[in-house]
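Presented below is the structure to which this report refers.
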Amino acid sequence: MKADERAMNADNRIIVALDVSSQEDAIALLDKLPDVSFWKVGLELFVSSGPGILEILKQREKRIFLDLKFHDIPNTVAGACRAAAKYNVDLLTIHSTCGKDALKAAQLALTEGAAAVDKPSPKLIAITLLTSLNSRQLAFELKIPLELPEYALHMALLAKETGLAGAVCSPQEVEQLRMSCGDDFLLVCPGVRPKWADGGDQKRSMTPKAAVKAGADYLVMGRPITAAPDPVAAFARICEELG
Ligand SMILES: O=C(O)c1cc(=O)[nH]c(=O)n1[C@@H]1O[C@H](COP(=O)(O)O)[C@@H](O)[C@H]1O
């Protein structure tokens with residue numbers, strides 16, 4: 001995505017996470033927030049209610065981020081990507097820590113899978129380091145000897161070198177990743193928190209405005225909107241803060 005495309009409306013930049021456990025609850029959120037144009041279907045909803053929600057989102061002409069965070073051997077992630085291609089979603093996730101062979105196999109299978117069903121290929125984006133982890137956990141639980149920013153950059157570059165379309169990173173690393181990965185590399189940031197929202201389990205947060213200023217193409221937000229007492233007002237307030 002080029003810089004001019006990045007200068008889009010605030011509400012087009014926000015991807016709202018449909019982190020609910022049933023299709024009925026998901027539809028209730030879609031009904032409540034008709035102005036949201038980009039939705040994320042993640043593990044909770046996909047595992048509990050299957051792919052039906054994707055068809056519903058398509059019927060409503062919404063863009064879809066299918067966040068299944070694949071993490072497996074090359075043959076398995078390739079099979080999963082080939083199968084996911086038929087859903088005709090916009091974004092799909094895989095962990096960079098699968099390694100280059102798996103990332104390459106996944107990208108190739110996704111492209112082939114999309115061509116086989118005559119659909120555009122979803123953009124495959126790689127998780128660098130989950131936003132729920134901090135540098136202490138990286139060092140002492142995961143035993144990664146690199147500093148956190150260096151590790152996140154390394155994971156993003158692995159994805160870029162393998163031909164993936166972009167990466168998922170915390171807003172705290174997005175400026176550095178943007179500088180190193182260039183303007184054509186899609187950078188999607190979860191772990192975004194307005195000042196007035198609860199941080200929850202997110203450890204490397206920034207405000208929506210700061211994240212965009214630092215170079216994020218898209219912001220992924222769930223609870224600050226969906227668990228707010230008034231989700232419509234929360235979404236409107238975030239759009240207003242983004243300017
Ligand atoms: O891939 C993701 O979207 C993701 C990656 C990551 O590192 N951290 C992260 O929070 N996410 C997702 O972003 C969403 C954040 O939700 P909230 O914390 O409720 O805003 C959740 O659906 C997470 O699964």
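Just so it is clear, glycine is given a Cβ too, placed from its N, Cα and C backbone atoms.
Source: prediction; values computed, not measured.
TrEMBL lists Asp67, Lys69, Asp72 with the feature active site, for OMPdecase activity. The feature active site, proton donor is assigned by TrEMBL to Lys69. Per TrEMBL, substrate binding site is recorded for Asp19, Lys40, 67-76, Thr131, Arg193, Gln202, 222-223. Feature annotation from TrEMBL assigns domain 'Orotidine 5'-phosphate decarboxylase' to 13-238.
Distances between the Cα of Gly222 (substrate binding site) and those of the active-site residues Asp67, Lys69, Asp72 are shortest for Asp67. Cα to Cα, Thr131 (substrate binding site) and Asp72 (active site, for OMPdecase activity) are separated by 20 Å. Look at Asp72 (active site, for OMPdecase activity): DSSP puts it in coil.
Ranking the recorded positions Lys69, Asp72, Pro74, Thr131, Gly222 by how many Cβ atoms sit within 10 Å of each one's Cβ puts Thr131 at the top. A Cβ distance below 6 Å to any atom of ligand 1 is met, among the recorded positions Asp19, Asp67, His71, Thr131, Gly222, by Asp19, Asp67, Thr131, Gly222. When the Cα of Asp19 (substrate binding site) is compared against those of the active-site residues Asp67, Lys69, Asp72, the shortest separation belongs to Asp67. Of all the Cβ atoms in the protein chains shown, 15 others lie within 10 Å of the Cβ of His71 (substrate binding site).
With the fewest other C-beta atoms within 10 Å around its C-beta, Asp19 stands out among the recorded positions Asp19, Asp67. Around Leu68 (substrate binding site), the C-beta neighbours below 8 angstroms that are at least 6 residues distant in the chain are Gly42, Leu43, Phe46, Ala80, Ala84, Leu92, Thr93. Calculated from their C-alpha atoms, the gap between Pro74 (substrate binding site) and Asp67 (active site, for OMPdecase activity) amounts to 18 Å. Taken residue by residue with DSSP, Asp67 (active site, for OMPdecase activity) is part of a strand. According to DSSP, Gly222 (substrate binding site) is assigned to coil rather than to any helix or strand.
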